[in-house]
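Undergrad: One structure is given below, represented as structure tokens, and several questions about it will come after.
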Amino acid sequence: MANTGLRPDEIKHLEFRDVEIVTDDYSGEEILEIEVRGKRGVGYCKSMPGAVRPFERLRDRPRPVADAPDDDLDEVKAEPPKHTDKLFPNEFKKMFNRILEDNNLKFDRNGKARTAYSLRHSYICFRLLEGADIYQVAKNCRTSVEMIEKHYAAHLKDMIDTSLVNVRRERPKRRDEATKDASGDRPEA
């Protein structure tokens, strides 16, 4: 989630058929192209390259299957996931919270609890700090620029790169300035 900007409820509904490994036209790196079904209907998300390997590991990991109710529990069969299987068939939020608690990371330095949604927050903030266009980040996260400014980027105000904000383009010269020669005088007609 930290490499995609997906919401926890969007992750919960993802199936293997919703995710495709593609080569990014811009960087040439492999990324995930994700078809997201969430609160705003169907949308698309392009991941960071760091999301590819974890997805491949999930895809390649055999999952236990039971053939019949009287199966011997000592001999559980496993097979690769089907394209309609969920990426995260179990409650991933509970697993995430347990990992945070086990590593004493459940709360940030201000005492605010970290949640699965914190990964989306991290994705958005990291993209903005790296200089990504806020409109493109909003589009990739299926949200608005206003929501990013209000909820995600508010504490980044001191980290704004002034070289990107204070851009000045060269103004076209006025007609009377364009006719002056190098000495500053107008040439005689």
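Backbone N, Cα and C define each Cβ position, glycine as well.
Those TrEMBL annotations? Automatic predictions, nothing curated.
Marked as domain 'Tyr recombinase' by TrEMBL: 1-169. Annotation comment: TrEMBL describes 57-84, 167-189 as region 'Disordered'. Annotation source TrEMBL lists compositional bias 'Basic and acidic residues' at 75-84.
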Undergrad: Report, as numbers and ranges, every residue of the chain located at least six residues beyond the compositional bias 'Basic and acidic residues' (75-84) whose Cβ falls under 8 Å of a Cβ in that stretch; write 'none' if there are none.
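TA: Same-chain contacts beyond the flanks: 15-17, 58-67.
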Undergrad: Can you tell me the mean pLDDT for the domain 'Tyr recombinase' (1-169)?
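TA: Overall, the domain 'Tyr recombinase' (1-169) comes to a mean pLDDT of 86.
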Undergrad: According to DSSP, how is the compositional bias 'Basic and acidic residues' (75-84) divided among helix, strand and coil residues?
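TA: Going by DSSP assignments, the compositional bias 'Basic and acidic residues' (75-84) contains 0 helix, 3 strand, 7 coil.
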